[in-house]
Every structure is written in C-alpha cells, then in structure tokens.
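Enquirer: Sharing the feature lines straight out of TrEMBL:
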- 69-452: domain 'Cation/H+ exchanger transmembrane' (DOMAIN)
- 510-637: domain 'Cation/H(+) antiporter central' (DOMAIN)
- 652-800: domain 'Cation/H(+) antiporter C-terminal' (DOMAIN)
- 84-104: transmembrane segment (TRANSMEM)
- 119-139: transmembrane segment (TRANSMEM)
- 151-173: transmembrane segment (TRANSMEM)
- 185-206: transmembrane segment (TRANSMEM)
- 218-241: transmembrane segment (TRANSMEM)
- 247-269: transmembrane segment (TRANSMEM)
- 289-319: transmembrane segment (TRANSMEM)
- 339-357: transmembrane segment (TRANSMEM)
- 369-389: transmembrane segment (TRANSMEM)
- 401-421: transmembrane segment (TRANSMEM)
- 433-455: transmembrane segment (TRANSMEM)
C-alpha cells in the first residue's frame, strides 16, 4: 500500500506492506507471543509496555491517549476561559511529531503509525459528516430575515472584502515571489478557505462562550449564515469550474444532478419530515424509525456528493437544513447524536488533524510559505476591520462591535477539514498546512479571551435596537407581546389585559403565550410549540386549558389578534432564559409576567406567595431584550364584556409621574381608548415645588406624550373619542401622593404605572423606605400593597433597557 510520509519536509511516497485480512482482536493480553515488548525511555525512567499488534487494541490505545490528554488539558485551560476545542488542538500537538515522538519514539511509531492513522481518519471523516449534518439541523435560515440588514451587511462584508483584498494581495505576492502555477494554486486555496466564516464554527464558539441566545450571538449566527451561504455557492461554482476544465459534459451533468438533489430535498424530503412532526403527539418523543430513516438519508446524501464531484459535506448540509428545527424532530436528532459526535468523534477529528501538522515542517523561509503568511495576514486584518464597519454604522457599542469582529474572524473545524483534505490531495504543501493549523490554534486562543473581555454575559439579552411599545406605535406595526403563565389562574387576568389592549385590524397584536412548568421527574428540558405538533384527545397536554382559552380569544378577535402558545418545561433557575429567548426570537416589544402573589377574590388578603416566581420576574426585568410589564391580579373578575353587558364602562387609570417608564406605560394605555367601552383617566402628579430647570429634556418628552393623547382623545376634543380624562394633581411629597391615590382606590378596575426604578423624586419622597418590592417601583408597590384597599389590577411597565 502506497502512503505518504507525514514527517518529511517534502512529500515522499513510501510503501508499506499490510497483511490482509487484517486481524482485529487479540488473543489476550497475557499471550506473550502476540505482544511487542517495548522498552520506552521517558523523562521519568524506562518503561516496558506490551503493545498488541491488532487493530482494535491499537485503536483503543489511540482513543484513550486522545481523551486523557484532552481532558487533562481542558481541566486547566477552562480556568482561563478557553474552550474544549483548544484542548483538542493541544492534544494533537502533544501526540504529534513534535512532542510524543521525541520522548517515546518506539511507542509512538507503533501506535500512531501511518496505517493506524487511516482508521482514525475514517472515523474522523464520518464524525465530520455527522457534525455538518447536525449543524444544518441547528441552522435556522429564517433568523437572517428576522435580524435585518445588519446581519446581511456584516456577513457579506466579512467574506467579500477579504476575498477581494486577498485576491489583490495574491496577485502582488505572486509577482513579487515569482510563484509558479502550483504555488499560485496553494495561495488561491488558502485565500478562499480563510475568507470564509462558517456557521458551524461560529455556533460552537458562541455555545462555548454561553452567549448563544444573546442578541450579539444571534447577530453573529445570522452573519455567519450569510457568509456560509455565499461560501457554499462559491465552493460549488469553483468545483463545477474545475470539472468544466476537464469535461464540459460532465460539468453540466453534475449541475443537473445537484439541482435535482436540491429539488428532491425541498419538495420530497422536507415535506416527509414535516409529516413526521405532525404524526408525533405533543410531549411525546419522535419514533426511532423516523430517526433511522433520516440517518440513512444522510449517508445516501454523502455518497451522492461524491458521485457528482461536490465536497463530501454538501449533501449532508443541504439535508440538515431541510430538517424542521426545534422540537420534536430537530431536537430529537441533536439530542440523540450530538453527544456522541461532539463528545467522542469530533475530538478525534481535531486531534488527528493536528497530529498531522509536524512542527518540523513549519518553515517560513521558503517563498511559498512567506507568500501564504502575508496573504493570511491580509485576510485576517481585512475580515476583522470590515466586520466592524456595519455594527459601528448602526451605533452598536464599540466593545460589542469589536467582540462581533473577533467572532467573525474565528477559525475552527470546517477550515481544518478543508486544509486536511487539501493536504491529503497534495493541493497544499506540508509547510503551508502547518502554518494554517498554527493560525487556527492562535485564533482559537485569542478570540474567546478577547470576546470574554469585551462582552459582558450578564447583559447577553440586551438589545441594540429599540423594541418597545413606543417604537411599535411609531412604526405603526403590530404589537408583539410575550405573555407568561405560571399557574392556570393567571389566564383570566391576562386575557382581560389583552382584551383591554383593544386589538383591531388597524392596530393588531401578536401574542406568544408561554406556559412555564418546573422541570420535575425528568432530566431534559422541553420546549413545545403547540402550533406544529398533532393534537390528540388521548394525549395529555400540559397546557390544554390554556390553549383552548386563547384559541377562543383569537377567534373572538379574528384578524386583529394572532395567538401562539408554547410550553417550556425547565428548571426554575433557567426559566428567565426561556422567556428572554422567546422574546428575542419573536422580536417582541413587551413581556408580560404575572406577580408572584396570589390574592383572594375580594383582593383584600394574600392566599399564597411564590418566591421562585419573584426571582424569575427579577431576572427577566434585569435582562429582557424589550419592555417588561408585571401584572398584579388582585382578584377583580369583571371582564370588559361583563361590564359592557351591564352598561358600565371599564375604567382604567394611568398614574403619570414622568420618565421613560411612564411614557412607555401611557403609550400602552393609549391603545385602550380605541374601545368606546373603556374610559382612560390620566392622573398627572406634579410637585408644587418642582424646579422647571431640572430634567428639562425629560419634562419636554413627558409633555409631548401627554399633549398628543389629551388633544386627540380627551372628552372636550372635537376629533377625539371622548373617553379620556385628564387630572392634574399638585402634591408636595410622597405622603400626599399616597393619599390622593387611596382616595381613588375604588374608582378604577385597572391601574397602569411606570416602574421608575432608581428615580428619586419629591413626588415619592418618604415612600421609598416603605417599598417592599423594588421590581414594582415605588408607586406600583403602593398600589399592590395590602393596605391599599382596592381589588383593581395593577400593571407596572418598565421600558426596554438598551445596551450602552
């Protein structure tokens, strides 16, 4: 069998004789005739090792060596924030020609000899195929359109700019170093491969950094998808062009086969998988036969990719993209195969790729090595700078923009696979291969440390774009609300609030109901979308009554309200992440969360208090990517329809003291006056000793919001709806404010107020010391306290906190 010596500076064909059929299993450890007695000289002394000359024992020793060194390295590297990927790279260096071969040469040549590496290489290739398929399953192409132009521009520039600048640099370097055709081919390959930003690589990085669900993470994912799509197109065209040079007819045939395969996946494979989803009852696992069929299709797609001269991963990636992401099918595939692929096979792939990089071959004195080094430098710098431009133009904070640029410059397993294939195909020389592997190692170390330094994970859900009620009203778009339910008895108050928000065809709302259930008695969290999976009478639904209630609400508001129900079963300490992730994914403007206290029907006594729910609420208010409202249900059971039936208006009070939270609250209250059955009273508290020079700009904004709603909707307006009242109360301190509010306790069914957290004012002086729940603000806490004798519900609004 002809192989290539990996330790030589030049590729030298060598011949090794292998006995067939190869023996797989040994006859036993104690059979001395079947063991090699190796006297190994190590820094710790001489050691005698019995090494079995059989395929399976050798493979086991190789895998044990890889995993032991990887885990030991990761134990220390994780202390400085480096991911497992770096440990796998270092394991390859340790087990490669540079370290292991120097200390235990006989052992190394026996275990990691060339024909033994073939088996590891086969396992690695299968692992990489599975990895790319699962990456396609995880990839949600729709987030590209939901994120907007920022991701498109970042992803496009991150690939096109380095490609164009690199092409210019390649031309100059080729002329300067007088490179021949083969050397120019190496530069072209490095140019195209290093210019790419691969989605699987970025996804792994973000997952290691634990910012996968942050807006920075979503932006990085979306940008990498754009770059990856462009890269796939470029690679496919380059492959077809290469085939075209050899045979025009064969290139046309390959193009037709590729097109037919894509059409088959879109119109046959994907509908079949959607049918599998529809046949899976809610909360039930996907049938194993469905998973087996998909894996069979994966292997078939990889085989087809070889047939029509595309890269091995083309078919698996396309098939993976066709799998419906999320539960139940996509999550089942990831849950079943990802631990094996990511935890067992991919470490082998990375380590083996690094083992092949002999440090002795790293020689930058040759002209082709110098040219490649300069070219890679141009590509890295241009990719970093052009990835930074769109975020800065869109006024993203500088630190976050730098973090995104580092993320887009990251290199990983996809680049390693490309260079490995090129090395085995003799497209690039060993010195070039070693150099690009070194660049992968450097970026794997520098990027995670830089991103951790620049980006604060505590605000990973913080937004860069305004997603609040005022922005939704300004853009005249539908109001998107994520409404959370902890207990079934949260439903009536929430439905009443949605009804009061007055959804119409001109002012529609989209509501995403999230039923939160604590994970008990099972190990894996579950996230169910009740719009995708089949509903059966025999199947127990975690949220059946909630689904029926909001289905009725949508039917009653046909064309004005769109309702989607989700169930999240997860540990309570992670429930806030489910809420924030859903709000971020759906581009919501408002999150509504229930207060942690349950009141009696008359609103005078507390029946129960759930401190876990309070902790969830506080976490949401701290991290939410949009505005948040806490709904305090004090037992008022009269709905809008009920009060209309007895010819009584539903009375809403907007308590306005000033500030961004109050402006957000009054914007939400403004929606309610569209309904003639609802009366809105704005109670504007003003200090008798107010200094007009203080917070002058805030005062101007407050007056503009109030003037607009009063002029258009008050009872004396010729063009208004006549159901808005305005009361201006002059008070000198918080005590008078509380007295005025208590005098109105029985006049309204709903109080709306801004949180005004950490805003100190004469209007609330003396009340802060008595505030029990900071998440409600001073006024909200007063309206929700036990000594405020009212059964009116309270809605406390906090405007979105933008990144700064």
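Using N, Cα and C of the backbone, Cβ positions are placed for all residues, glycine too.
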Enquirer: Do the transmembrane segment (339-357) and the transmembrane segment (433-455) share at least 3 Cβ pairs under 8 Å, sequence separation 6 or more?
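Expert: With 3 or more qualifying Cβ pairs, these stretches touch.
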Enquirer: DSSP-wise, what's the residue breakdown of the domain 'Cation/H(+) antiporter C-terminal' (652-800) into helix, strand and coil?
Expert: 57 helix, 35 strand, 57 coil
Enquirer: Ranking 119-139, 218-241, 369-389, 401-421 by Cβ pairs under 8 Å to the transmembrane segment (151-173), which is first?
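Expert: Most contacts with the transmembrane segment (151-173): 369-389.
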Enquirer: Most CB pairs under 8 Å with the transmembrane segment (119-139): which of 218-241, 401-421, 433-455?
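Expert: The stretch with the most contacts is 401-421.
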Enquirer: By a Cβ-Cβ criterion of under 8 Å, what residues six or more beyond either terminus of the transmembrane segment (401-421) are in contact with it?
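Expert: Non-local partners: 85, 128, 131-132, 154, 158, 193-194, 196-198, 200-202, 204-206, 216, 219-220, 223-224, 227, 311, 313, 346, 349-350, 353, 356, 380, 383-385, 387-388, 391-392, 428, 433, 436-437, 439-440, 443-444, 446-447, 450-451, 454-455.
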Enquirer: Under 8 Å for C-beta pairs, could you tell me which stretch among 185-206, 289-319, 433-455 has the largest tally with the transmembrane segment (369-389)?
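Expert: So the stretch in question is 185-206.
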